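Undergrad: Have a look at the structure that comes next, please.
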């Protein structure tokens, strides 16, 4: 837009006004996040390897991790019912439930810290270390005979180590898929669902046949296989610019939309896991057979 002003001397003064576009808070946040990514092969989003063999291999690895971590967490209802009737039967159900509650809370709390390790080139070290601790802790559960031992190994250690790579794993997928990103994330979630279906069935079927200790060892062996496949196939494709200074990026916390999303998720999960924890044991208490009750979860 051009403005013409005529001073008293008779000459004309012309001013050019430039239109300034309005940028929303969401657009500012997205641009700030995009500027923090450096593609290792100097390509843009349009060149992401959608559908290439390597991308699908990475997706397979993330599904293996989801199968063994989220799937294993879903077996807690089986363990809750077993502990109430055997090794921890002298304790109240609410006391035993603290093991599963701490396990589930530890699954998400570490993501606030360890998601940053993806930005500073420590992802593979972090994934391998967490996988090793997760496997060892699960094997050691077979030797537990006291409440504090179950709380430490099954509640705290497996929960924290699973939470170490929960958020980074989903971020890895966005580095390999663009147009098929929704499909990739859906298949990743399917890996978690398959683990949540298969592992509880295995645990429930084996406990009466071979006993609790050997059931844990079988489940831990399946977890170990999944972790090995995941560590062997998952590859990081992008590295954040924050890796130069190893700085903690708190810019997302300035977004009202992001804070609202986190708050909503907090209250959703606050009630969700209470239901899954007590469903099997509550069904048994009202007369449902033990062999059928765990299918309710």
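One-based numbering along the chain as shown.
Every residue, even glycine, has its Cβ placed from backbone N, Cα and C.
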Undergrad: Which stretch, out of 22-41, 122-141, is listed as transmembrane segment by TrEMBL?
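TA: In TrEMBL, residues 122-141 carry the label transmembrane segment.
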Undergrad: Any idea what the model's mean pLDDT is for the domain 'Major facilitator superfamily (MFS) profile' (54-297)?
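TA: 82, rounded to a whole number.
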